[in-house]
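Engineer: So that we are looking at the same thing, I have put the structure below in structure tokens.
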Amino acid sequence: MHLRIHPRRSPPRRPAWTLGIWSLFWGCIVSSVWSSSNVASSSSSSPGSHSQQEHHFHGSKHHSVPISIYRSPVSLRGGHAGATYIFGKSGGLILYTWPANDRPSTRSDRLAVGFSTTVKDGILVRIDSAPGLGDFLQLHIEQGKIGVVFNIGTVDISIKEERTPVNDGKYHVVRFTRNGGNATLQVDNWPVNEHYPTGNTDNERLQMVKQKIPFKYNRPVEEWLQEKGRQLTIFNTQAQIAIGGKDKGRLFQGQLSGLYYDGLKVLNMAAENNPNIKINGSVRLVGEVPSVSGTTQTTSMPPEMSTTVMETTTTMATTTTRKNRSTASIQPTSDDLVSSAECSSDDEDFVECEPSTGRSDKSLSTSIFEGGYKAHAPKWESKDFRPNKVSETSRTTTTSLSPELIRFTASSSSGMVPKLPAGKMNNRDLKPQPDIVLLPLPTAYELDSTKLKSPLITSPMFRNVPTANPTEPGIRRVPGASEVIRESSSTTGMVVGIVAAAALCILILLYAMYKYRNRDEGSYQVDETRNYISNSAQSNGTLMKEKQASSKSGHKKQKNKDKEYYV
């Protein structure tokens with residue numbers, strides 16, 4: 001058998017275009033990843049750059065804005081924001097009651113809250129145990145200084161910040177921790193106040209009188225002492241949390257933000273209409289706008305909150321305008337912070353707002369508490385945005401009404417019930433203005449080409465928990481939804497670009513694989529005809545040789561016949 005092997009061609013070198021395709025493929029992937037990371041870093045670094053500039057600009061100015069909004073990052077969105085409530089001059093109360101079968105007993109407690117006030121005496125928060133036990137924990141202001149008093153068994157334990165008064169109208173954050181009888185209290189970034197109880201002398205007294213106690217009473221006495229020791233470390237059967245001090249006659253007047261107690265965000269729960277929370281008196285959630293007279297009341301404020309025009313209970317209103325933002329149910333100019341500064345009346349007086357004249361529509365509105373709680377408005381470098389001075393008669397600065405609000409007011413007389421979204425009081429485009437920072441807390445006014453955003457504040461909680469994020473009346477939005485809407489336009493282009501680049505790379509890769517599989521390769525082939533001829537020749541070897549010899553001789557003879565001779 002003869003095997004004829006065609007020469008196998010060695011595999012050709014990988015052509016240069018294949019290397020080019022691979023390099024293009026990896027280049028697309030690297031560029032896509034780099035562009036996405038670059039966009040993410042730029043979007044995350046922009047707020048930081050604003051805050052750095054604001055600290056630099058405002059290094060020599062110490063102004064505080066009582067009402068602030070913390071716009072949380074992505075990782076903190078979705079239910080983590082706090083709420084801010086304003087307590088008026090007539091006093092108010094937010095009361096949270098634990099269910100009867102879910103009353104906790106704690107060995108350690110953590111309380112934190114942000115506040116701003118000018119009163120010298122008042123109760124901010126008080127936690128009481130079930131009736132008959134007598135355990136309590138109370139955060140209060142006494143003679144302008146913040147302090148905590150608690151009783152978990154026998155005597156009242158007090159801890160107080162003695163250095164500096166806190167009724168200066170500025171925003172402060174107070175943190176209190178308790179572990180047994182030990183306690184700490186800190187205001188802002190000031191030094192921590194600590195309290196450690198003295199040693200228990202019951203055992204020493206027991207040793208002294210033990211000889212006089214009958215033997216059969218020794219065991220009950222020891223058990224009684226052990227029970228007393230347990231009561232000195234455990235806050236038993238907590239029943240309710242009272243905010244505002246109205247139930248005790250020590251009214252708090254000012255604002256409270258982001259209250260946190262042992263995992264409960266009570267102000268958040270109040271803003272969400274928790275069934276275990278009741279609100280009484282002059283209490284208003286920041287972001288709610290009082291209804292115009294003639295319309296139905298859209299807020300949960302009781303009628304006894306009504307006061308006179310001069311007894312305004314609002315703080316500085318940061319009215320902002322957001323353009324080019326719209327959702328299915330939110331107006332483009334929503335997501336603003338308004339504290340009843342659109343009218344010269346109190347936030348509890350639902351009287352009709354009359355439009356004013358002049359240039360007051362270009363300024364921020366401020367109002368103060370009569371007899372105490374005063375809003376500190378920021379100083380503006382630009383004259384166009386300098387707030388109007390507070391008038392001596394009404395002590396309230398008002399803004400002019402937009403045409404939309406005038407139409408709302410006119411429609412109210414005809415029976416219509418409009419809903420006034422927060423921030424509808426000023427719809428003019430605002431020019432960029434200098435950044436503002438609240439000290440000692442890092443705050444900021446975010447700037448844009450056509451809008452002014454509210455400042456940032458740090459959380460009064462222990463681990464950077466955000467505070468006030470007001471919502472619009474009638475619309476309950478998840479905190480952080482505005483940022484998601486604002487970022488969607490920038491991320492959509494990035495996602496489309498990444499998908500297109502990936503699809504192009506995949507097509508190029510498939511084409512390269514197709515060309516590589518269909519290339520020409522060397523092959524082996526067996527010549528069967530030669531195989532049969534050789535088999536027939538092997539049967540008679542001599543015949544084959546004779547045929548070869550005869551063929552050679554015949555060929556020679558033929559050659560000889562063809563020869564020609566010339567003479």
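Here the Cβ of each residue, glycine as well, is placed from N, Cα and C on the backbone.
According to Swiss-Prot, the protein carries these features:
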- ASP135, ILE152, ILE234, ASN236: Ca(2+) binding site (BINDING)
- 326-341: compositional bias 'Polar residues' (COMPBIAS)
- ASN182: N-linked glycosylation site (CARBOHYD)
- ASN280: N-linked glycosylation site (CARBOHYD)
- SER340: O-linked glycosylation site (CARBOHYD)
- 41-64: region 'Disordered' (REGION)
- 317-341: region 'Disordered' (REGION)
- 535-567: region 'Disordered' (REGION)
- 514-567: topological domain 'Cytoplasmic' (TOPO_DOM)
- 493-513: transmembrane segment (TRANSMEM)
Engineer: If you average the pLDDT over the topological domain 'Cytoplasmic' (514-567), what number do you get?
Structural biologist: 57
Engineer: How many neighbouring Cβ atoms, not counting its own, are there within 10 Å of the Cβ of ASN182 (N-linked glycosylation site)?
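Structural biologist: Other Cβ atoms found within 10 Å: 15.
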Engineer: For a quick check of understanding: among the binding-site residues ILE152, ILE234, which residue's Cβ has the most other Cβ atoms within 10 Å?
Structural biologist: ILE152
Engineer: Going by C-alpha distance, which of the binding-site residues ASP135, ILE234, ASN236 is nearest to ASN280 (N-linked glycosylation site)?
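Structural biologist: The answer is ASP135.
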Engineer: Roughly how many Å separate the Cα of ASN182 (N-linked glycosylation site) from that of ASP135 (Ca(2+) binding site), to the nearest whole number?
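Structural biologist: Just about 16 Å between their Cα atoms.
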Engineer: Non-local Cβ contacts of ASP135 (Ca(2+) binding site) (under 8 Å, 6 or more apart, same chain)?
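Structural biologist: Once residues fewer than 6 apart are set aside, ASP135 (Ca(2+) binding site) is near ASP128, SER129, PHE150, ASN151, ILE152, GLY153, PHE235, ASN236, THR237, GLN238.
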